[in-house]
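The transmembrane segment annotation in TrEMBL covers 12-28, 48-67, 73-92, 112-131, 137-156, 168-185, 221-243, 300-322, 383-405, 417-438, 492-515, 527-551. As annotated by TrEMBL, domain 'Concentrative nucleoside transporter N-terminal' applies to 145-217. The annotation domain 'Nucleoside transporter/FeoB GTPase Gate' is assigned in TrEMBL to 224-321. Per TrEMBL, the feature domain 'Concentrative nucleoside transporter C-terminal' maps to 327-547.
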Amino acid sequence: MILVTQKYCSERLFLTLLLIFDFFFLYFSKVSGPINATENYIKAHSKLFKYIVLGVLGAGYVAYFIAACVLDFKRATALVVLTCLAVAAVSLELLKKYKGKSISLMMCGFNVFSRVFILVVVVLLVVWLAIDTSKRPTQLISFGGVCMFIVLIFLFSAHRTMVSWRPVFWGLGIQFCLGLFIIRTEPGFIAFDWLGKQVQIFLDYTKEGSSFVFGDLIGNIFAFQALPIVIFFSSVMSVLYYLGIMQWLILKISWVMQITMGTSSTETLSVAGNIFVGQTEAPLLIRPYLKDMTKSEIHAVMTGGFATIAGSVMGAFISFGIDASSLISASVMAAPCALAISKLSYPETEESCFKSKQNIKVASGCQNILEAVSSGASASIGLVANIAANLIAFLAILGFINSALKWLGGMVGYPDVTFQLICSYVFMPVAFMMGVTYDESFVVAKLIGTKLFLNEFVAYEELSKLKQNRLDGLAEVIGDERQWISVRSEIITTYALCGFANFSSLGIVIGGLSSICPPRRNDISSLVFRAMITGTCVSLVNACIAGILFVPPLDCVEVFNGSPFNATLSNVAECCQELFQRYAFTLSLKRSLQVAKLIGRNQICTQAINQVLVFFPTGAHLHTSLCICVFVSHLL
C-alpha cells in the first residue's frame, strides 16, 4: 500500500512539473517571438545599424572636438594632432582600398619623372649643404665622418663586388631627409620637441604606481625610479599591439622603406619594428619566415636590433634627463640607415623568397585589453631583472678593472690609468670625426667605449651627469677633468649611444634568435659579431648626420658679456628677443613709459637699465643696454 502511494505521488509530481514546464515553454515562446524577430532584423541590417552608431559617435566627437578647440586651442593641441593623424590614417586606408589599383597603374608611368625629380632633389640638397656648411665649417668634419664610415664598411664588406647601391643610397637619403626635417626645419623640430615633452609627461604617470608600491623610496634610487618606467611602457606597448595600432604603424613604415630601398618584406618589417621594440622582440614579427630567410636578411635583422633601442628602455633613458626628442629621432633615423649599412656590410648573394611578398601577417597577441596590460607587465619582469643584474655586474667589473689598471699603472709611474682613459684615446678619432670638438672628443670617446664594452645604460647615466653639471653651472674644467660638454656634443653623443650594440648583447641575440628559429643557429652565431659592428657604425653615422645638421643654440651670456664688435646684429636681436621673453619687463617698462613725455627717452633707458641690474648684478653690459633702449624706443 505504501509503495503504491509513493508511486502515485511521484507520478503526480512528474505530471505537475511537466505541466509547469509546458506553461513556461509556451509563455517564453510567445514572448521570445518579437525578440527573435528583432534580432533577425538587426542581423539582416547590421551594416545600416553599424553606420548609424558610427555616425552618432562621429557627430558626438566632432562636437566635442569643436568645443575643445573653441574654449582653448592651445590646450587642445594634443587632441588636434591625434585627430589629424587618425583622419590621415583612415583616409589613406580608404584611398588604398578604393583607388589603390588606379594609383599603382598611374605611378608606373612616372618612373622617368620620379628619377628626374629625385636627381633634382639630390642636387638641391648638395647645394644647400655646401652653402650651410660654409657658414659653419665644423660641420664638414661630420660629413667627413659619414664618408669615412661608409668607406671602411665597404672595405670590410663580406662581398664587395655584390653590393647593391640602391638600398645604400636610399637608406642614407631617407635618414638624411628625416634628420633635416627633425633637426633643421621649424615644423619638424617643434613636432618632435612636442612629442618628446608629451612622452615625458606620459612616463611621469609611472610614479602613480611606483609610489604606491615603494612609497618614499622612489626619490633618488635608480631601481625604484627608472625601472618601473620599463614595466609601464611594456604594458602600454602590449595594449597598442592588442589594438592593432603598433602593427599598422610598423607595416606602414616598412612599406615605405621596402618600395624605396628594394629590400625584402621580412627584413624591412623587422627593422621597422626595432624602432618600437627590442632586438629579440622585433624578430617575433617575422617568426614564421625566419627559417627561409637568406644570410643577408638575417644579418639585416640583427643589425636593426643592434642599431636601435626599445621603446621601454627609451623611457628609462628619458628619466635620466636625456633629451627625449633626440632619442626618438635617433631611433627613427636609425631604421633606414640600419638597412643601408647592413646591405653594404653583408650584401645579398642569394635569391630571397620574400622579395615580392607584400602581405606579411603580424599576430595581434592577447585576447582582451586587460590581458594585454597584464601580459605586458609580466613580460617586462625579465627585462627589468636583466637591466638591474647587468648594471650591478658591469659596474662592479668596471670598478675592479679600474683598480687593477691603476695598480698596474702605478708600477711604472702611471697610477691614473683607467678603462675610461684608455677608451678616451682609442675612440677619440671616432668622436672627433662625428663633429665633436677636439677638447671634448676625449670625454665623448669614454662614453662610446663604455657603451661598446659595457652597455648603453652606464654610458647614458654618465652623459646625464655631464648634462646636469652643465645645467648646475659647474666650471667647465676642474683640475684636469672636464665636468661637462657643449649642447652640440651632448646631442651628437645622444645619437651615437642610441643602440644596443655592445658585447653583452651578443649572447642575448644569439640566445633569442636561436630559440625562435633553432635550424638557423649556426648562421646566427657566424653573423652576430659582424652585425654588432655594423650596428655600432649605424649609430656613429647617425651621430655624424646629427653633427652635420644640428645648429647649437645661441649663447646669449657670451654675446652680452663679450665685445660688442664680435657679435653680429642678428645674434644681438635674437638674444634681445629671448631676454624680453624670459624676464617680465613689461609692467616696469609701462610705468616708465607713463613718464616718458616728461623725462625723455634717455632717462627711460636709464631706468630700464637700472631694473635689469636686479637680474644682472654684475652690471648692465652694452648689448643688454642696447636691447632695452631699442625695446623702449620701439614702444614709444
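Just so it is clear, glycine is given a Cβ too, placed from its N, Cα and C backbone atoms.
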Worksheet entry | Folded-back contacts onto the transmembrane segment (383-405), same chain, C-beta under 8 angstroms, at least six residues removed | 222-223, 227, 230-231, 234, 278, 312-313, 316, 417-420, 422, 454-455, 457-458, 504
Worksheet entry | Listed stretch, out of 48-67, 112-131, 168-185, 300-322, 417-438, that has the most CB pairs under 8 angstroms to the transmembrane segment (492-515) | 300-322
Practice prompt. Mind checking which residues of the chain, 6+ beyond the ends of the transmembrane segment (417-438), have their Cβ under 8 Å from one of its Cβ atoms?
Written response: 138-139, 141-142, 144-145, 148, 398, 401-402, 405-406, 408-409, 444-446, 448-450, 453, 485-486, 488-489, 492-493, 496, 540, 543-544, 546-548
Fill in: Residues of the domain 'Concentrative nucleoside transporter N-terminal' (145-217) by DSSP state, where helix covers H, G and I
64 helix, 0 strand, 9 coil
Worksheet item: Under a Cβ pair cut-off of under 8 Å, which of the recorded stretches 48-67, 112-131, 527-551 contacts the transmembrane segment (300-322) most often?
Response: 527-551
Worksheet entry | Remote residues contacting the transmembrane segment (112-131) - C-beta distance under 8 A, at least 6 residues beyond either end | 143, 173, 176, 180, 548
